[in-house]
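Annotated compositional bias 'Basic and acidic residues' per TrEMBL: 514-524, in sequence order. As annotated by TrEMBL, domain 'AMP-dependent synthetase/ligase' applies to 13-378. Marked as domain 'AMP-binding enzyme C-terminal' by TrEMBL: 429-503. Residues or ranges marked as region 'Disordered' in TrEMBL: 504-524. The feature transmembrane segment is assigned by TrEMBL to 225-244.
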Amino acid sequence: MIYVDDTTIRQWLEKRAKDEADRVFCIYEDVPITYGEIEEKVNRLANGFLDLGFRRGDRIAIMIPNHPDFFFMVFACAKVGLTYIPLNTNLKGANLDLLLQLSDPRALLVDESFADIIAESLRRVGLNNIKFIFTRGNADFSETGIAHQLPFSSVGADAEATPPIVPGAGPEDVLAISYTSGTTGVPKGVLLTDRMLRTCAKGAAIANEAGPGEVMLMWESFCHIGGVQMICVCLIYLSVMALLPRFSASRFWDQARHYKATRVHYLGSVLPILLKQPPRADDKNHSVKIAWGAGAARQVWKEFEDRFGVQIHEAYGMTECSSLTTVCLDGKIGSIGKPLPYFEVRIMGDDGKIVPVGKLGEIQVRGKQSGLILKGYFRNPEATSKCLLPDGWFATGDLAYMDEEGYIFFKGRSKDSLRINGENVSAWEVERVINEYPDIEECAVIGVPGELGGDDMKVFIKCVSGRNRPNPADIAKWCEPRMAKYQIPRYYTFIDSFEKTESQRTKKNGLSRSTDDSWDRYAK
């Protein structure tokens, strides 16, 4: 059975421009952008790349904030078979150096706000393959030795506005290389095909019940698969994207009201952060019907629905499996739901057998149609072979159990599991409890070497802005009735901010393993 057909992103855009040229695709800074306008701009841009000598398969890395230029680039790459590489806009230093080396692009598109850190990185790593830098705003890369620096606005300015004569990206052609967040190791470049990006959109559309006229409040960075999938959701399902530069907790609901949004997306700590905003009389005065995403804690779920009058649709997935794999549409609180129609999901034990109902195991995913799961990681066959099993199953490294009704309950990353006094402890479960503490905005738990072997637990705590820092002894005592004794962290450190991935996950590999800066629960 075919779940995701061969109609490519290029074909979808050209169909929309032909049939509904005046329909609005996106609203940015109160300016509507129609399909007809996008088609003309993108054709010029794609033809401009051809005029500059770009050919099918060439890679262009992108480091710009949320802006229509990003989806112009995505569509232009689809038009002529180029591959774009979204760079996390929080990257700098050695992490940025590594990603540029791993991705080895032929060109860069850089916003002026990131010009200095990109220039510094290029001076350090000296990539010979980069021949072009396209710039937004005022940026000078003359000292990098790269042959061609052009304003992005000039690319294709004088080119034809008709569709390029060369074929676009086919269903199985790699359209993007999206690097995993690297929270626990070296980032891996997921090869995303045209079909996979449209599968991402299909899953998101099921999760948020997309359709003509629905308005998607889009704050998530296009550098993340969760952002990019919304481009295809709006393209294929005729929803409207209300594009924001970034997430703002204090302005979130005012922005939703302003754009008459009907759908909002969440990740990670977004829901608890919104709940910790001061209550307002107009908390339910908006048109949002569904909040969809991943990471809704059981205790936050109902509170969020009751306070803001929206329905939570919790989902689960990863870039390697076309973004979304499961979704909970009927409100079984705490569950990531059941597999989407075109995926199989099984929970596997360490012995290579499916675990019984209620038992913890690894989530593994397989598509019911070829091409729905990654072909591999870019130039990394070793990592590919570890995750992509010979029988077509993808080993996610995530832990979960399934109940008797087939609902799946996510329990964290297997690599984020600690061994405390002989007990396995999920850092994710501990974090979800501590995040409920009234003065804590979010926390992150890591393992540090224990005195008797195994791990001790260290928690980093970011407090709610404007509130007094709580006594760590009070936090530890507060935890006692809420979790097992061995789950309560030993070391407590307060922190002003966390370095985040584009999917709003904390980069734990950058957190200090030293305990010199910590309050010790065992100290006398």
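Yeah, the Cβs are placed from backbone N, Cα and C, and that goes for glycine too.
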Report, as numbers and ranges, which residues of the same chain sit near the compositional bias 'Basic and acidic residues' (514-524): CB under 8 Å and 6 or more residues beyond its ends.
448, 456, 458, 472-473, 476, 488-493
Please spell out the DSSP helix, strand and coil residue counts for the compositional bias 'Basic and acidic residues' (514-524).
0 helix, 2 strand, 9 coil
Sort the residues of the domain 'AMP-binding enzyme C-terminal' (429-503) into helix, strand and coil with DSSP and give the three counts.
17 helix, 26 strand, 32 coil
